[in-house]
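Reading through the structure tokens given below for one structure.
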């Protein structure tokens, strides 16, 4: 079923996943890109913490912390070794200390779908972990990726040993590691990488055991396309993300890939896409906003990988949308720090307007216009915004222009 009203929200939460999710006032910064490992990253971020804090970000998502076969961190080997291409354990802990001082939570990228072996085992593949801090044998690896474990409970991440989360000893060790990251190292939030790779019931168990303040999962699969491009109706796509959130016991949010896919077509003169058949936002944000983490790009879709990039000349329209709307917005490092001070300052201004008007993940929304060259909406009854090159402004003298830029404007009461 589609969740058209927030039946699971507020005081009705069956599982208390903490004040952060209920409060709904998060603004996240993804604080790295695909090339960051080349640039003494922890030191670079350390210098930016005051600005990150002042700009209104509540949480900064950091790259995977563990030693990895690939420098970007997504082929982890020794989970307890925090010396990575991004910097030493000492520099990481110093960065986390500074973030705590400036009241920005640190989000760890949790890569537990797969793990690179240290020694050859069953079948001659690297599916044993002798000599590492978690010396698992072949039973920790799924049978579909060369191990002696059970079949995967999700999709395979090909070419590497996939972790078998059905094994009790594996889950016990992962929980021990997550608790260590949370309680000893000093991470407060978790982002679950490649969450399609294993059952969401394990994410539920891991969050329940390690108690991060906030969690978000990456459930990325393709939107619905036809011969002419993107389908108007993406309900089946957002429903798959909704189902994953639900299966975590509603303990985790999820990246709103549906909204990203629709928004990056909408800004190219197809703003009619931003209102679904029920008159609501067409992504996860329209069905379960308190669990929707909206974003324009990340280290996979954008950066130098550019698997599915947001159109670069339209990113401010994109940010004007996600930073004024319900859901939990996430800003990408490149846009904030590498695309010039004008874009940085426009984003800061939008975050400031969001704060001042107390827009949060569950704010109400009334979509007033959605046609090819114009989108307009009132959010929380105290903010009004428009996108597109058609001329439009809200009726009524109570509205004052708060900020504007190329093809966007925001008013407040």
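Each residue, glycine too, has its Cβ placed from N, Cα and C.
Pulled from TrEMBL, these are the features on record:
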ACT_SITE  193  active site, nucleophile
ACT_SITE  218  active site, proton donor
DOMAIN    26-354  domain 'Glycosyl hydrolase family 13 catalytic'
DOMAIN    355-413  domain 'Alpha-amylase C-terminal beta-sheet'
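Confidence across the domain 'Glycosyl hydrolase family 13 catalytic' (26-354), taken as the mean pLDDT and rounded to a whole number, stands at 97. DSSP assignment over the domain 'Alpha-amylase C-terminal beta-sheet' (355-413) gives 2 helix, 29 strand, 28 coil.
All chains included, 21 other C-beta atoms sit within 10 angstroms of the C-beta of residue 218 (active site, proton donor).
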